[in-house]
Ligand SMILES: [Fe+2]
Ligand SMILES: [Fe+2]
Ligand SMILES: [Fe+2]
Ligand SMILES: [Fe+2]
Ligand SMILES: [Fe+2]
Ligand SMILES: [Fe+2]
Ligand SMILES: [Fe+2]
Ligand SMILES: [Fe+2]
């Protein structure tokens with residue numbers, strides 16, 4: 001089973017890039033399933049029902065979220081009804097939406113889990129114990145993909161080791177910068193600290209760089225906006241054996257003006 | 001002028017890997033200058049005089065530091081005398097040591113600057129203004145390499161844009177995970193969010209993974225130790241024109257059991 | 001010289017309480033000068049020109065600010081013109097407004113300084129060095145009142161000791177809870193870790209308690225609102241000798257339904 | 001039932017002050033039960049078996065802890081055996097020790113609960129839900145005292161409101177500065193944001209002030225030491241009805257050279 005996981009889509013430049021590159025990637029890589037992190041899809045903050053539909057219409061099978069999940073308030077109107085939309089599972093009991101979902105694919109089942117780190121982020125439930133809890137409930141040994149949304153490399157690496165051999169793949173999101181440390185951990189879990197983002201190439205995490213710089217330089221309140229201009233596209237392709245759940249290969253995809261894509 | 005910048009050396013496994021790979025990299029890449037981040041060289045925390053000498057003896061031209069610079073107290077005995085040792089420049093006025101140094105090489109001069117971010121790190125002076133200050137004092141338009149030691153991708157990208165066209169290269173350290181976003185920014189500065197580390201391949205940031213996991217799981221005090229076993233080596237090679245100071249090429253180097261090195 | 005310093009005014013309940021109690025306090029305590037922290041005066045976030053005028057019209061001589069200074073954008077229109085409005089002095093060079101001001105009173109001069117801590121707050125310039133800098137510029141040995149806006153008790157106590165004997169009084173703001181540790185430090189500086197706030201008595205820091213609880217319980221975005229109902233009023237009275245600048249007495253004022261005020 | 005709750009005992013000066021003032025306070029206030037926060041009792045960091053015994057021998061009925069509970073490693077040898085020693089209940093499942101204890105007194109039963117905040121502290125389980133959980137398990141409607149160890153005034157006030165009417169008293173510890181906001185909340189819970197500390201009067205949170213200042217000024221590693229010289233003693237007395245569990249009175253106690261104690 002081939003999984004295509006695409007990092008945080010930032011604003012309309014990110015959405016356009018997704019619509020442009022996804023069909024081309026599907027043709028060349030032929031993934032069985034496509035998962036996208038959508039927490040920044042609407043103006044860099046949150047996601048709307050319309051955007052979620054657009055993504056599903058374009059061939060996305062599942063959307064994961066993160067700390068920005070809730071920034072567009074309409075999420076509360078549809079997150080409970082849309083079972084392909086997954087928010088971090090370690091938000092407290094009673095949080096709208098679901099923390100994992102089971103996708104039935106032609107080549108088997110894939111469970112997609114979202115978890116969020118706590119280092120320099122919200123005060124959530126323990127993501128390690130929540131992972132144990134979810135894995136304990138799964139029946140039929142499905143393949144499992146975890147999107148671990150976290151700030152620090154230490155928490156992400158720790159989770160990778162914690163779940164090695166227990167999930168098919170754990171990839172990070174949230175820092176918006178792709179890391180170069182993809183590997184198959186010793187017990188068979190594909191790992192990458194961060195997938196990176198999809199959106200403006202000449203911004204800061206996809207946001208207008210002048211505004212971010214203004215913030216750092218003045219320490220005054222600044223209203224951030226999504227950047228403009230040319231884009232980057234970051235993703236990862238993982239091959240896994242749906243019967244054993246083990247990963248056999250992980251390959252990063254990085255497209256931008258310095259690394260152009262040729263079909 | 002070719003610059004070889006090697007990321008945070010972690011403990012004795014990192015030092016051994018440096019001594020093993022540096023000569024081989026010098027033979028194949030022929031750098032004019034080699035810079036190493038040494039903040040974790042002694043047991044993962046700080047650096048000693050003996051280790052600094054060992055590095056210089058092995059062909060390192062300059063050692064940069066970071067938040068762990070001061071962990072071995074003997075640093076205070078020799079940092080003022082060793083002008084190839086550079087700690088973050090934006091520590092307050094009066095801090096021992098220097099924040100940048102000028103290296104005279106056969107193919108020109110290179111100024112190496114160390115700066116540290118403030119997001120989730122110490123309360124230092126503004127690194128952006130400190131960069132302005134240092135650049136304003138340089139005479140003779142030397143090539144400039146900045147090691148920006150920071151936690152967040154946003155602060156590092158922001159600094160990259162801030163210094164684009166004003167320094168030859170800005171590369172990040174501190175997260176110990178190499179990022180895949182190397183590029184030449186539009187005005188000629190080579191950029192990479194993090195160079196990555198040198199040391200244990202099967203740890204968490206180079207430290208024993210079981211201890212780090214214990215910390216995350218229990219939230220109790222845990223004494224961290226450097227990990228054991230096989231190693232990884234992360235670095236970056238930058239080509240720049242010593243007369244204009246502009247970079248023409250940036251290439252990541254990543255060596256580990258999944259990406260073995262063949263001379 | 002008697003100084004009346006009133007803590008953070010929160011929203012319209014706080015403004016009403018100020019207008020009600022200030023004349024009564026003036027009658028009974030006869031302060032020579034009244035200083036108010038106004039960072040939360042407008043809906044709990046920031047201050048407007050109209051509110052500043054209202055405060056001055058009611059007999060306030062000087063308004064200090066804090067991290068919320070900038071929340072109402074119109075502040076940028078008038079902060080440069082109003083020399084009785086003081087924002088933290090350790091914002092970076094070039095920040096609108098001023099960090100201290102000199103008030104000429106019938107019984108002498110009083111310099112009011114605003115500084116802000118960095119622990120768990122913004123990445124500002126060092127408040128200790130900024131204090132040195134300001135004190136070094138003052139001529140004629142005026143009495144000095146410092147409003148140190150900070151989160152942690154350690155940073156506030158440290159600043160108290162740092163400035164002991166160099167300023168007449170250092171009082172903290174920002175936590176919105178009055179502390180009970182008023183004292184004259186050994187070299188003559190009046191000290192109180194936090195003055196407390198003016199506004200709703202049955203909220204959390206003056207904000208609607210149900211919304212704050214919702215935030216803690218859900219970790220989801222919540223729009224805070226100023227609380228309603230009965231109020232509290234927190235202030236401090238400091239007596240100082242305008243010729244020596246030394247304080248002789250510091251007395252807390254606390255008014256609420258459990259500690260009613262009788263003229 | 002009268003409860004005497006004494007704040008964080010800091011090092012040997014704090015222990016001496018406890019031994020000196022506790023008998024005198026018992027004579028004058030005649031508490032039915034005495035609870036002490038002991039997280040800083042040993043050199044400012046943690047507690048030993050010998051110190052715990054000394055406290056119990058001096059008439060302390062229960063010792064609460066906080067984030068520093070674990071700093072002396074010998075705690076792990078005796079915390080499980082000593083049922084009058086209470087660490088924050090919201091450490092994860094499996095943490096040594098207990099998070100609450102039931103004291104049988106001549107005038108009824110008192111349950112002492114320790115909880116810790118998460119704002120700017122460790123990533124623990126939700127203290128609000130943990131409080132619900134503990135209260136749900138209590139049988140026989142005992143009186144309940146909660147020591148809420150937290151950094152921010154907002155989290156402490158929020159917890160006060162959350163537990164109003166459900167516990168007899170909630171008092172804060174950890175900031176080492178007594179607050180002046182004692183009150184009986186509308187549904188009958190006695191509340192104080194922070195009890196304050198017992199130990200050096202001329203330090204920073206009880207630690208040597210020169211070392212703390214050095215830390216703030218240099219941002220370099222500094223080894224903190226407990227301060228010397230004269231002491232302060234901070235506590236609170238709460239009267240409650242053991243049958244209803246409601247509090248009727250809360251009174252702060254503050255003893256130092258500026259507020260000397262006369263028997
Ligand atoms: Fe994101
Ligand atoms: Fe995020
Ligand atoms: Fe490092
Ligand atoms: Fe570091
Ligand atoms: Fe405030
Ligand atoms: Fe504030
Ligand atoms: Fe404490
Ligand atoms: Fe504490």
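Including glycine, each Cβ sits where the backbone N, Cα and C put it.
A TrEMBL annotation is a machine prediction, not a hand-curated record.
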For the Fe cation 2 site that TrEMBL assigns to D:39, D:67, D:149, which of D:29, D:174 is also named?
D:174
At a CB cut-off of under 8 A, do any of the recorded positions D:8, D:67, D:68, D:149, D:174 come close to chain C? List them or say none.
none
Cβ within 8 Å of the Fe cation 2 site centroid (D:39, D:67, D:149, D:174 excluded): which residues?
D:8, D:37, D:65, D:66, D:68, D:69, D:88, D:116, D:121, D:150, D:173
One finds that other Cβ atoms within 10 Å of the Cβ of residue D:176 (Fe cation 1 binding site) number exactly 28
What recorded positions among D:8, D:39, D:40, D:68, D:174 have a C-beta sitting less than 6 Å from any atom of ligand 5?
none
Nearest to residue D:40 (Fe cation 1 binding site) in three-dimensional space, by Cα, is which of the recorded positions D:67, D:68, D:149, D:174?
D:68
Quick check: of the binding-site residues listed here (D:8, D:39, D:176), which one has the Cα closest to that of residue D:67 (Fe cation 2 binding site)?
D:39
Secondary-structure category, per DSSP, in which residue D:149 (Fe cation 2 binding site) falls
strand
Taking a cut-off of under 6 Å between Cβ and any atom of ligand 7, tell me which of the binding-site residues D:8, D:39, D:67, D:149 pass.
D:8, D:39
Which of the recorded positions D:68, D:149, D:174 has its Cα closest in space to the Cα of residue D:8 (Fe cation 1 binding site)?
D:174
For residue D:8 (Fe cation 1 binding site), which of the three DSSP-derived states applies: helix, strand, or coil?
strand
